[in-house]
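These features come from Swiss-Prot:
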- CYS574, CYS583: [4Fe-4S] cluster binding site (BINDING)
- HIS676: chlorophyll a' binding site (BINDING)
- MET684, TYR692: chlorophyll a binding site (BINDING)
- TRP693: phylloquinone binding site (BINDING)
- 72-95: transmembrane segment (TRANSMEM)
- 158-181: transmembrane segment (TRANSMEM)
- 197-221: transmembrane segment (TRANSMEM)
- 293-311: transmembrane segment (TRANSMEM)
- 348-371: transmembrane segment (TRANSMEM)
- 387-413: transmembrane segment (TRANSMEM)
- 435-457: transmembrane segment (TRANSMEM)
- 532-550: transmembrane segment (TRANSMEM)
- 590-611: transmembrane segment (TRANSMEM)
- 665-687: transmembrane segment (TRANSMEM)
- 725-745: transmembrane segment (TRANSMEM)
Amino acid sequence: MTISPPEREAKAKVSVDNNPVPTSFEKWGKPGHFDRTLARGPKTTTWIWNLHANAHDFDSQTSDLEDVSRKIFSAHFGHLAVVFVWLSGMYFHGAKFSNYEGWLADPTHIKPSAQVVWPIVGQGILNGDVGGGFHGIQITSGLFYLWRASGFTDSYQLYCTAIGGLVMAALMLFAGWFHYHVKAPKLEWFQNVESMMNHHLAGLLGLGSLGWAGHQIHVSMPINKLLDAGVAPKDIPLPHEFILEPSKMAELYPSFAQGLTPFFTLNWGVYSDFLTFKGGLNPVTGGLWLSDTAHHHLAIAVLFIIAGHMYRTNWGIGHSMKEILEAHKGPFTGEGHKGLYEILTTSWHAQLAINLALLGSLTIIVAQHMYAMPPYPYQAIDYATQLSLFTHHMWIGGFLIVGAGAHGAIFMVRDYDPAKNVNNLLDRMLRHRDAIISHLNWVCIFLGFHSFGLYIHNDTMRALGRPQDMFSDTAIQLQPIFAQWVQHLHTLAPGATAPNALATASYAFGGETIAVAGKVAMMPITLGTADFMVHHIHAFTIHVTALILLKGVLYARSSRLVPDKANLGFRFPCDGPGRGGTCQVSGWDHVFLGLFWMYNSLSIVIFHFSWKMQSDVWGTVSPDGSVTHVTLGNFAQSAITINGWLRDFLWAQAANVINSYGSALSAYGIMFLAGHFVFAFSLMFLFSGRGYWQELIESIVWAHNKLNVAPAIQPRALSIIQGRAVGVAHYLLGGIVTTWAFFLARSLSIG
């Protein structure tokens, strides 16, 4: 950290342009107003595709970085408005159409529902009996559990929150308009990274966490403590009563009687009745202890508020981001991070790529924590919700990581300047990209052949009736010894590395079985040969996804095959006529291929999770403590062959969706069929060339001309890239809908 003389650096200040862009509904009402060519209107059907492709591609509309920055900033507010409207709708459904109050009174016997279908032509069958005399569609978003943890005790509070969401949405829409049309920040404001870091760290993350910790302590915890003790929701004081009448809090948490005295006398241990370090799960609800999560958010708040004072703005003290980056040199890394500051303040694609990679990874980590450490009350015994939350967060994370590859490649094509990056880390990566990609390719081949080979071996041995020669827990063992060691370490943590904790962070590592209402909430997950094998399939598919995305970024500007890629742009079908064998080399095509492998990777991950949990975790607990799992522990012996995966997982568990006709789950049956249809439809776009369709169209146009009904707008076949885009979109949509129907019909049947 350096203390700088005040005259050396420009002062950070808020600088705006007043009324830079007029508000014109007349202009906005004209399709394609953002692009001179598109604004002329359609001559061919390609126009509508280009309209969609370029509407949000601000780089194609202007080369002025300041204007692009303002458009992105304004779009962020628009996005937040959409999020608030969406959230408001969720809360409104909870208030108006749900059985939340009934569920709250009996959460272990009544299932959550927030949608009742109108019986127009017999759809009333979808309204299943969820208990307590309520008929509706069972929901698996986990919102009821979140609401209970937040301290909602009746539908009126949900209504109020829904209205609050709409107010916030209106505010965001206004802000988006205001900061583009009335007071638009100058470029230097967007590039003032130190102020941004301080604001985001201390303000958004620090004070945001502090506010949430405050809500948890003053509202959530007292209400949940009373609910856990069996007090009826209508008899629980309202949230503001706990805040205005400290005596009500002191009855539940005695330290409240002492007020702030222990805080200012540094006698903080007094507060350990509501800021705890227990570990494990609350045995009543199967969720994390709210006093642990409040403590966690308070600690996070302290850390981030401190972190938000690290960067130098107008007071001559603190870090400069540019200095940190330029000082970051290793013995073998040349100029190190020199030049990266300029990249990250002038290329929003580079910035976005890094943020997407980090946020995508974080989202996947969230997926793992949602079941290992279920944060909300009663969430852990709703198996359909647990499966839905895991799948949802895995897929979202996957899309974000592919997005990182996409924007990394766009940065390389549009924003990278080789002359400004000489011998820094980025330049050095690009210069030894062949070594990186060829090694990664070798790793993929090694993992692919070996992991798949283990399955092929097992299928063959089982077919030949030689179980003693198979890789399994009962024959040739391949135990995941490192994973077991990590589990053991975490199980021993209470009393060793975390001496004040009462239980391990997650019972997935080891410890006891937590049962709520006779169902397993969480228990130790034993790992064996079957897990070892499928984990190497995960390693294989993840490395292939990384290979495709990384190759797309590193070869986005040039390759031996197409040296002038940078001139061709981010997306192009082939290197022009007369150069065969140069298709699918653009940055866009790598994203296109990366999406398939991302989907491939995550399908195996969610299948593994679904079967493993049903086999070895989820189930019923009898009074003597013995556990009966949903699929009776068949994972260890069935998941070691390909045939086992096909027969005992896909086929056996598809019974619920295939046989759903005539039941409340029948919507999943039709979605299962529709998903397969959409998937098959995608292959029509992926497996046929543009010429086929152009020929067909010209024949159809000829017929129209014969009948004098020729269209004014000339029909054109989709371009090669457009066809691929439509293909991959339907491939993923069809696959996701099929998996959704398969998982939900299955998990709602066992729930």
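The backbone N, Cα and C atoms fix where each Cβ goes, glycine too.
Taking Cβ pairs closer than 8 Å, the transmembrane segment (725-745) reaches residues 140, 384, 387-388, 391, 395, 592, 595-596, 599, 603, 606, 610, 653-654, 656-657, 660, 665, 668-669, 671-672, 674-686, 718 in its own chain, all 6 or more past its ends.
Same-chain residues lying 6 or more positions outside the transmembrane segment (158-181) and placing a CB less than 8 Å from one of its CB atoms are 19-23, 70-71, 73-78, 80-82, 84-85, 87-89, 91-92, 94-96, 100, 147, 152. Comparing Cβ neighbour counts within 10 Å across the binding-site residues TYR692, TRP693, the minimum falls on TYR692. CYS583 ([4Fe-4S] cluster binding site) sits 19 Å from MET684 (chlorophyll a binding site), taking the Cα positions as reference.
A straight line from the CA of TYR692 (chlorophyll a binding site) to the CA of HIS676 (chlorophyll a' binding site) spans 24 Å. Cβ atoms under 8 Å from those of the transmembrane segment (532-550) belong to residues 401-402, 404-405, 408, 436-437, 440-441, 443-444, 447-448, 450-452, 454-455, 471, 478-480, 483, 590-591, 593-594, 597-598, 600-601, 604-605, 608, 639-640 of the same chain, restricted to positions at least 6 beyond its ends. Nearest in space to HIS676 (chlorophyll a' binding site), taking C-alpha to C-alpha distance over the binding-site residues CYS574, MET684, TRP693, is MET684. Taken residue by residue with DSSP, CYS583 ([4Fe-4S] cluster binding site) is part of neither helix nor strand, so it is coil. In the structure as shown, the Cβ atom of CYS574 ([4Fe-4S] cluster binding site) sits within 10 Å of 18 other Cβ atoms.
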